[in-house]
Amino acid sequence: QAQLLGVLLAAASNFLISVSLNIQKCAHLRLACQTEPKPYYTSKLWWCGITLLGLGEVGNVTAYGFAPVALVAPLGCVSVIGSAFISVLFLKKTMRAADILGGTLTVTGTYLLVTFAPSVPQELTARRVQNYLVSWPFLVYLILEIITFCILLYFYKRKAVKHIVVLLMMVALLASLTVIAVKAVASMITLSAKGKMQLTYPVFYIMIVLMATSCAFQVKFLNQAMRLYEATAVVPINFVFFTTSAIISGVIFYQEFRSAALLSVFMFLFGCLLSFLGVFVIARNKKEEHLQIPFIDCGHIPGQKLTGKIQPDSHSSRYGTLNNEDDSVKSQS
């Protein structure tokens with residue numbers, strides 16, 4: 001029953017996240033269409049989306065306290081397929097055949113994930129988390145992860161290699177630590193709420209620090225990837241990397257597949273593969289949409305009137321030039 005609660009909570013939370021993202025996008029589009037655009041944080045619709053996003057993330061964290069990491073992490077695909085279908089209602093997009101095919105693959109994969117996920121009924125107490133932290137499989141895994149991260153960071157900083165795989169692999173390595181910490185914190189809070197106090201152990205606060213630190217650096221590298229590459233490329237690759245790293249961390253740290261049958265493991269991995277394919281099909285060939293702002297006011301540019309406009313088309317050879325510029329300026333541009 002606890003595992004079923006975790007599954008339902010994770011699925012509902014990811015669906016709520018997809019709703020929130022579409023509401024925020026809708027708010028930005030509405031503000032862009034106004035004659036005098038206001039800051040996005042003045043929109044009640046935008047704040048509604050942010051509130052739903054916060055609730056969804058809290059629900060995701062709580063789900064780790066009831067279900068295995070290997071089951072909660074892949075359910076992030078619900079937000080991807082939910083966003084694809086909800087955007088038809090909120091943003092009036094057209095339904096593509098790829099969306100239907102990808103949604104079918106992802107739903108099938110999710111069903112296999114839930115059916116063949118590891119069932120590990122254990123109370124994740126603070127003492128058990130301490131024992132897991134000093135276990136030799138995790139220590140070996142942690143050393144290998146640190147070495148790999150340092151190599152990637154060296155190429156990123158020293159060699160200026162900003163390939164999408166390098167950036168998202170660093171995000172995934174940090175995410176594995178985040179998932180471990182989130183599950184530990186969520187489980188200890190859940191046990192404490194049931195009357196078995198776990199918040200007095202130092203390991204609880206160590207896990208909170210690990211969770212906050214790894215999250216902060218994840219956001220840094222993920223933002224860098226979003227700045228350099230389109231979301232249609234970042235989202236599916238990040239989902240695959242994150243899910244894979246979360247499953248590996250759950251297997252090594254929490255030993256979630258310790259007593260699983262070989263067929264169950266195979267079907268679970270097959271469900272992951274179907275979910276990955278579904279996400280890639282949905283994101284494939286989906287064009288990035290930009291807010292359609294017709295003109296940008298020149299403001300108080302010296303020598304120009306307040307009605308002067310700057311061309312917004314960044315792909316034009318005359319991008320950023322003024323409409324009433326003289327011939328000398330034109331030749332320079």
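Each Cβ is built from the backbone N, Cα and C atoms, and glycine gets one as well.
TrEMBL lists 6-24, 45-66, 72-91, 98-118, 138-156, 163-191, 203-222, 234-254, 260-283 with the feature transmembrane segment. Sequence annotations record features per position, and here TrEMBL assigns region 'Disordered' to 311-333. Summarising the annotation, TrEMBL assigns compositional bias 'Polar residues' to 313-323.
Within the chain carrying the transmembrane segment (98-118), a Cβ under 8 angstroms from the stretch's Cβ atoms is held by residues 3, 7, 67-68, 70-71, 74-75, 77-78, 80-81, 84-85, 256-257, 260, 263-265, 267-268, 270-286, all 6 or more beyond its ends. Sequence-distant contacts of the transmembrane segment (203-222) (same chain, six or more residues past either end, CB-CB distance under 8 Å): 126, 129-130, 133, 167-168, 170-171, 174-175, 177-178, 180-182, 184-185, 188, 234, 238. Using a Cβ-Cβ cut-off under 8 Å and counting only residues 6 or more beyond its ends in the same chain, the transmembrane segment (6-24) has close neighbours at 45-46, 48-53, 55-60, 62-68, 71-72, 75-80, 82-83, 86-87, 90-91, 114.
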